[in-house]
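Features as listed in Swiss-Prot:
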| type | residues | note |
| --- | --- | --- |
| COMPBIAS | 43-55 | compositional bias 'Polar residues' |
| COMPBIAS | 80-90 | compositional bias 'Polar residues' |
| COMPBIAS | 91-109 | compositional bias 'Basic and acidic residues' |
| COMPBIAS | 136-152 | compositional bias 'Polar residues' |
| COMPBIAS | 153-168 | compositional bias 'Basic residues' |
| COMPBIAS | 175-186 | compositional bias 'Basic and acidic residues' |
| COMPBIAS | 193-216 | compositional bias 'Basic and acidic residues' |
| MOD_RES | 62 | phosphoserine |
| MOD_RES | 166 | phosphoserine |
| MOD_RES | 205 | phosphoserine |
| MOD_RES | 259 | phosphoserine |
| MOD_RES | 262 | phosphoserine |
| MOD_RES | 288 | phosphoserine |
| REGION | 43-289 | region 'Disordered' |
């Protein structure tokens, strides 16, 4: 049935098929259960003797719908067919009227259902379909400012290389030299909004005063080596020592083998002398001859002259 392309013909065939089904499958309204028939009196239906007395009529005196089924069972086979055809013809006439009225209603409803896609859609469906897409106009543009700030913060919080010791010392000295007011101004950066645009004039004016204040940082205050001593007294004692040492330098220099010597002399390039042990020097002086001692003393004198 799905392969027909004419909807009106399809409806007509369906209507005829339904009528045929109802004709063959409908139960007779006069038929009743056997229990109810047994309870009823036999006088209503009559007996075989009564029927012979009445002139051979095989039906009851008062035709009623309830007694028709019993009379059909008692009639002979010849009259059974005639009575059945008469009853079915009457029933079909009555039922055909009801079916026509109901079929008109059904056909009109089926025409509306089958011709739905060809004809215009009903008025109730159109506004529902339009309202389905109304949420598109209500949506607002997404605010991506929060995502931008997250990206900026993640860039700032990336791991940096460790600061060298020289930078740490300079920062430490700068923090010591700063005044408490400057520290407060530097600490308030955490409470400022980084998204606010700063004017370039303010940045220049803010950068200039710290430059002037940071100039003395390059020359830190020198701590005294001897805190208990007066520096003026120490300076007065230094020239006295130089005067005492100067006459000794003018005299012939005498070697002092027991004094320890420095392992490296910066004046002589590439010359390194190990400090001789005192025990070896004493043994060498006792065992070595006079000419060897003079030779060693000359070498020492030449080394010190080159250094001077």
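Residue numbers in this text run from 1 along the chain shown.
Every residue, even glycine, has its Cβ placed from backbone N, Cα and C.
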Cβ-based isolation winner (fewest other Cβ atoms within 10 Å) among the modified residues 166, 288: 166
Residue 288 (phosphoserine) to residue 166 (phosphoserine) - Cα separation in whole Å: 55
For residue 288 (phosphoserine), the three-state class that DSSP assigns: coil
